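Student: Sharing a structure, written as structure tokens. Questions coming.
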Amino acid sequence: MTRELSHSLSEYTLQPFPRVFSSEEAATTVEDRASEANYNTDVTGQSCRGSSLGASSGPRTEAIATHPASRINTRDSGRSGLFQTISRRVIRASQENAAAVPRWEGSKDTEEKDPNLIEWDGPDDPENPHNWPRWQKWVITILMGFMTFCISFASSVFSTATLVTAKEFHVSNEVMVLGTSLFVLGYAVGPPIWGPMSELFGRKYPLFIGYFIFVIFQIPVAVATNVETIMLCRFLGGTFGSAPFGIVAGALTDFWDSVDRGIAIAMFSAATFLGPACGPIIGGFVVQSHLGWRWTAYLTAIMSFSFGIVGWICIPETYGPVLLSRRAARIRFKTKNWAIHAKVDEQRFDSKTIAEQYLLRSFKMLIREPILFLLTLYISLIYGCLYLFFEAYPISFQEERHWNRGVGALPFIGLTIGVFFGCGYITWVTKTQFARKLKENGRVVPEERLPPMMIGAAIFPIGMFWFAWTSSPHITWVPQVLAGVPLGAGIVMIFLQGLNYIIDCYLMHANSAISANTLSIWKDLVAFKAAQPITSWFKVVLYKLPTNHSLEAIKEEIETFNKGLKVVGTPFWLTPKSKRGQQSYGSACVAFATEDEALKAIRGKLYILEESLRAEKLRVINNSKQCSKCQGFGHLEATCARVAY
């Protein structure tokens, strides 16, 4: 039987299991393969009746039996440490993705390392982005933040030109609000493409291609002679300008560790929300001046182009697999050894693979991942509220309090101060509590990111109540402006910690997850719809309420809505961590202080699994032996309860 099994397996080349990203996923992957192998094992009571264990019958069987990840559970391999059979499906999956499993003590390598495979030269390789100097990392982070600021600035700066352009082109204000809404709607189209493409071609080229095309589309807006040109170019500008939103957060994970990454993401989030807050302030004075509304687009183009040129010069490629592929190409050219390659070069990139694994990955993750879907739904609501305020502030301060356009946009400073407060609090929590737990325990679970998000979910509705109840023109403007502080802090705390939580949960597919969540179609559709009816809605509430819908009823509905906002975030904190590990794309990972801590945890999991499989092997062997007293199975002669006559 052993010879037949060995002969049937001789045509296959043994490969290690697919890559393991974390301790929990490592144990889950190997346990699934082991369970499959145990059920495929041909060691039963009938097939092994009357047999005894012996030595390995040949070198081929012995080689298979001593493989650290796959061993044959037959009577001739009884002295091996782990008994498994290798099914065709496991071999096929291993050949498609043959990243090595970290070895544990007592295991042996059954195949030599591919000498033509290019990897990092140890943990201190200077070309590894994680080993770049800190000053270089911060330069890259700051420049990416400025690029993100320019895009988000463009999304709201046009809102100050709504009234002027409506009069110039003889359309209603509601139609010109589409200039802001369509730009935000363009955010929904871009990230599902830019994010996955950055995992395929690297970060730099998709980032700057989308960014510079966004700059180009500012020119037609500035010279437009009809409404259609403005609307179309605003939409396309938002589509291509969404590249930084879908790429930057994932790029920051390429060179920052878990603690500093939280601070870098805070800077990215600050740029995301400071841009929309500063847009109306600057745009208001530009529109009011002799420059006119067209210079809102000219100013955006000049500022964006300047930061884009500096970024192109100073920002290198940060994606590790692409850097290794380029290193392999250089070595091939120098040595003329065309077999030299990187791991990413082994993948097949046909149209079907690109569509399924990259272009559609964001949508698949959004549908299949409950964590991602629920966070997307919540952040969509918060993001829609943000763009609601871009229309509510001018109504409240310019139309109700009769301030001019420039001064009427200054209350956004309160929102900006709140964003700084929120980012400062997140930075303090990350450098103190999060870093301390990481140092003490060697790892931190993603749920440690959620408490600040829960605080933000509580103070954001407070800011909404504060703004609403102080909006009367008979009340001084000071308390209404101060309401922007909890609003800005709550928004950025929710957005930032939600983003960090998603990155920790989906580390290997961070950009795809961010594309599905941070600027997903749901969030941008909510923001698009929020900006549409806001002018008419505010006029109805402030001036002439319908008789069947009183002000008290509206306040009661808003109060119920805000109570619901306060508890969001708590379900993610209370969800068992094992549920997070069951996600299809989730890494079920934790943040480890060092690489040694991660390998130690993985080896511990695999050692426990090996011991459990060894015990299962002994149980199967005992069940296959025949008792000499009763001729039965499942027990030995010493434990036989049958009386011998």
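Placed from the backbone N, Cα and C atoms, the Cβ positions cover glycine too.
Pasting the feature list from TrEMBL:
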- 28-67: region 'Disordered' (REGION)
- 37-59: compositional bias 'Polar residues' (COMPBIAS)
- 138-163: transmembrane segment (TRANSMEM)
- 140-645: domain 'Major facilitator superfamily (MFS) profile' (DOMAIN)
- 175-193: transmembrane segment (TRANSMEM)
- 205-223: transmembrane segment (TRANSMEM)
- 235-256: transmembrane segment (TRANSMEM)
- 263-286: transmembrane segment (TRANSMEM)
- 298-324: transmembrane segment (TRANSMEM)
- 371-390: transmembrane segment (TRANSMEM)
- 410-429: transmembrane segment (TRANSMEM)
- 450-469: transmembrane segment (TRANSMEM)
- 481-503: transmembrane segment (TRANSMEM)
Student: Can the transmembrane segment (263-286) be said to touch the transmembrane segment (138-163) if we require at least 3 CB pairs below 8 Å and skip pairs under 6 apart in sequence?
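Tutor: These two segments touch.
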Student: Would you kindly check 175-193, 298-324, 371-390, 410-429 and say which stretch has the most C-beta pairs under 8 angstroms to the transmembrane segment (205-223)?
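Tutor: It is 298-324, which has the most Cβ pairs under 8 Å.
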Student: So, taking each listed stretch (298-324, 371-390, 410-429) in turn and counting its Cβ pairs to the transmembrane segment (175-193) that are under 8 angstroms, which one gives the highest count?
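Tutor: Of the candidates 298-324, 371-390, 410-429, 371-390 scores highest.
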Student: Could you pull the average pLDDT for the domain 'Major facilitator superfamily (MFS) profile' (140-645)?
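Tutor: Mean pLDDT, the domain 'Major facilitator superfamily (MFS) profile' (140-645): 76.
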